[in-house]
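Read through the structure below, which is laid out as structure tokens, and then see the notes.
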Amino acid sequence: MLVNILKIGGSVITNKDVEYSLKISEVYRIAYEISKAYKYCTKHMILIHGGGSFGHSTVIEHGNVEKPYSIAQIIWFMKELNMIVTDALNAYGVPAVSFDTHAIFYRDFDGDLKCFYKPLEKALKKDIVVVLFGDIIFGDRDAEILSGDEIAWKLSTIFKPSRILFATDVDGVYDRNPEEPGSRLLEVVRISEVGSVDMESRKKVDVTGGMKAKILHGLRYWNSELREVLIFNGLKKDFIFKALCGESVLGSRVVL
Ligand code: ADP
């Protein structure tokens, strides 16, 4: 079973600069594109979405992710966003089932991320589209944020897809912050060289490490099955559909 892993950035479905602000038309457009991909190209998809201004704002408002009320609120807001995404998918006829990240992921004492993936595997075999989201998880040390990016990388070690797709709100990875004049889109990004690229989001609120962390997880989770890791613009019409169907789209290819 060839599984497609698509991470949809919080920046694509929410306005990251405005608290709890949804880009509802993007959510519906993306759901439509995924429904087309489901109909014409692939029944086996794991979709993971980020928190955007639902997750990041709540974390900043609470100032911690360890206290009981913080945990409950952050998870509640993420679940709220997740239900909107899952509803939109079902509205377009995609049999999408959301699995609570905090119920199936756990960080052990050594920092290893554990995942109870059997239910996902069984659902995928039934042509169900699996939906997960960046969330708070529990672990041997304490509760912590688990980014959608790390979920995507981790699941690639379990389901061995040939590609991981990261949809974000810019065309890919630039040689410096894309807001800076003269910045240039990189066709290929070598993970080992990412340390030297400026990737600070000056305007946007991000508690999961932004673009740099998205790429650096590859150091830990790269596996021999991976042929392509693509960072591309999920705001561009039909890019998500095309990427899921294996057509080439503009973006940056991440290599070891
Ligand atoms: P998402 O929410 O889609 O996962 P992030 O907000 O984590 O995405 O990262 C995307 C953002 O990273 C872009 O909006 C961009 O402004 C910022 N960014 C900073 N530096 C870079 C860079 N060198 N190349 C690409 N994007 C960058």
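Each residue, glycine too, has its Cβ placed from N, Cα and C.
Any TrEMBL annotation is an automated prediction that lacks curation.
Residues or ranges marked as domain 'Aspartate/glutamate/uridylate kinase' by TrEMBL: 5-233.
The ATP binding site annotation in TrEMBL covers Lys7, Ile8, Gly9, Gly10, Ser11, Gly52, Asp169, Gly210, Lys214. Of all Cβ atoms in the protein chains displayed, 21 besides its own lie within 10 Å of the Cβ of Asp169 (ATP binding site).
For Lys16 (site 'Transition state stabilizer'), the count of additional Cβ atoms within 10 Å of its Cβ stands at 25 [all protein chains shown]. Among the features that TrEMBL reports, site 'Transition state stabilizer' is placed at Lys16.
In this structure, Gly51 (substrate binding site) belongs to neither helix nor strand by DSSP; it is coil. Long-range Cβ neighbours of Gly51 (substrate binding site) (same chain, at least 6 residues apart, Cβ-Cβ under 8 Å): Gly10, Thr14, Phe77, Met78, Leu81, Phe133, Gly134, Asp135, Gly148, Thr208. As annotated by TrEMBL, substrate binding site applies to Gly51, His56, Gly148.
Separation of the C-alpha atoms of His56 (substrate binding site) and Lys16 (site 'Transition state stabilizer'): 8 Å, rounded to the nearest whole number. Residues from the binding-site residues list (Lys7, Ser11, Gly51, His56, Asp169) with a C-beta closer than 6 Å to any atom of ligand 1: Ser11, Asp169. Taking the mean position of the Cβ atoms of Lys7, Ile8, Gly9, Gly10, Ser11, Gly52, Asp169, Gly210, Lys214 as the ATP site, the remaining same-chain residues with a Cβ inside 8 Å of that point are Val12, Lys16, Gly50, Gly148, Asp149, Phe166, Ala167, Thr168. Neighbour counts of Cβ atoms within 10 Å were taken for the binding-site residues Lys7, His56, Lys214; the minimum is at His56. Look at Lys7 (ATP binding site): DSSP puts it in a strand. Reported as a whole number, the C-alpha separation between Lys7 (ATP binding site) and Lys16 (site 'Transition state stabilizer') equals 16 Å.
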